[in-house]
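Participant: Structure incoming, see below.
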Amino acid sequence: MVRGAVPRTTEFGELLYGKAVNLGGRVLIYGLGRSGRGVAHFLHGEGVSAFWHDLRPAPEDEALMRQLGHRQADLGGTYDLVVAAPGVPIDHRDLRVLAGRGAEIIGEVALAARLRPELPMVGITGTAGKGSTTVLIAQLLRACGLRAREGGNIDPPLLDVVDDAEVAVVELSSFQLERVPGLRLPVAVITNLGVDHLDRHGSVETYHAAKLNITAGQQSGDVLVRPADLPVPTRAQTVTFTPERLCLRDGQEVLPVADLPPGVHPANAAAALLAAEALLRHLGRAVDPAVLADALRAAQPVKGRFETVGQLGEVGFIEDSIATRTIAVESALRQARPPIAWLVGGRDKGAELAPLRAAAEGRVTRVIAFGEDGEALARDLGLPFEVIKAETGDESMDRAVRAGWEALGGAGGTGTVLLAPVGTSFDQFRDYQQRGASFRRAVQALLGTQSGSGESA
């Protein structure tokens, strides 16, 4: 859909959920950062001069707001519409007060769905694998001739892609799914459900309820793709997958699992295949198994998701900085080639460790603990460990990478140095991407020193 294909208005957006979006009143962007910047650009494109609020705005964000004509908000005022960033809890005091004064509180996903109702969206959520599955679905749809763009919880923000896509493939976090009441997706995917974000949701039940909002607005003509062992209440048609087979809805095998490229997880590929098929059928497009098979063979894994970033002799270095959920860390431990030097650290968010002990048994030779809660996590894991102390995140990562390599025997050693940190990045880094970049830089530095010493890399 090209920009302007759906009529725009500064008064009222298209109806969805039986309610209009009031862009003619006072609109507040609550929270900047990646999502807020996407909202700001989108509203500017709609001809809307909005207000914004952020407790600690970055100088570049303030400059962008001025450039786009958005003004800093007075929270003592009243607003008709508040577009809140996903990281702002739904029960935040400011939002409760604003709602009490008559504001409607929504998120970027609801804004996109209401103002671009003709754009088909595939929504993907889950505790682990949702980003990789999102990218895979978009790759498959592009191979089938559709202009599919991925966005949402992964880069870029959803609102950055809605005017340059025939199909939006949207990764949806539990935070985003708290603000999409009634969202109807022709195709929705749940990759799995584990434990995460208890600091935000308070309980596993509340976290799972937020995730299941992805199918709450679906109807009998829509499709929900889910794991075969995960029952989900829904009005949609249910299609299930397992990691053992890459097949279409009728059971026809498209590709042997063994033919997937390295770094592409079979469960993610199986879910992506079924979702792509469902969307093609929704649009009345042909489903060609040969095209889909070729696309799977050529699939590109997502950077920073269990990615091999270096090799020094028989020791590989794998970056999985985003692996902070138990289910994701467990998957990384089971996939990595043993023996493993496991880099664990960051800020503990209450991950369940028992499954990780089981996955590490007989595979992990040493835990390298770094960051704010690394030592505490290592002690709770009950595995042999050493603690890295450093002033900065980069220095900590340099030492952790070298310690991991040495734990595997250094030159002449074998195995995997695995960054699957369990803890979040916010103790020493801006986000998981910056932490992953630090790991990559540390690996390259180590490779450089060893190459200079005559070792093969």
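Even glycines carry a Cβ here, placed using N, Cα and C.
Quick caveat, the model's predicted, so the values are computed rather than measured.
The annotation ATP binding site is assigned in Swiss-Prot to G126, T127, A128, G129, K130, G131, S132.
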Participant: Starting from the Cβ centroid of G126, T127, A128, G129, K130, G131, S132, which together make up the recorded ATP site, report each further residue of the same chain whose Cβ lies within 8 Å of that point, ordered by sequence.
Facilitator: I124, T133, T191, N192, N268, A328
Participant: Using a 10 angstroms cut-off on Cβ to Cβ distances, just flag whichever of T127, S132 is the loneliest among these binding-site residues.
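Facilitator: Among the binding-site residues T127, S132, the lowest count of other Cβ atoms within 10 Å belongs to T127.
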Participant: Fewest other CB within 10 angstroms, which one of the binding-site residues G126, G129?
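Facilitator: Per-residue Cβ counts within 10 Å for the binding-site residues G126, G129 bottom out at G129.
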Participant: Compile a sequence-ordered list of residues in the same chain as A128 (ATP binding site), six or more apart from it, whose Cβ lies below 8 A from its Cβ; state 'none' when nothing qualifies.
Facilitator: T191, N192, G194, A323, R325, I327, A328, S331
Participant: Can you count the other CB atoms that lie within 10 A of the CB of G131 (ATP binding site)?
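Facilitator: That number is 23.
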Participant: Which residues does K130 (ATP binding site) neighbour through Cβ under 8 Å, counting only same-chain ones at least six apart?
Facilitator: I124, N153, E171, L172, V189, T191
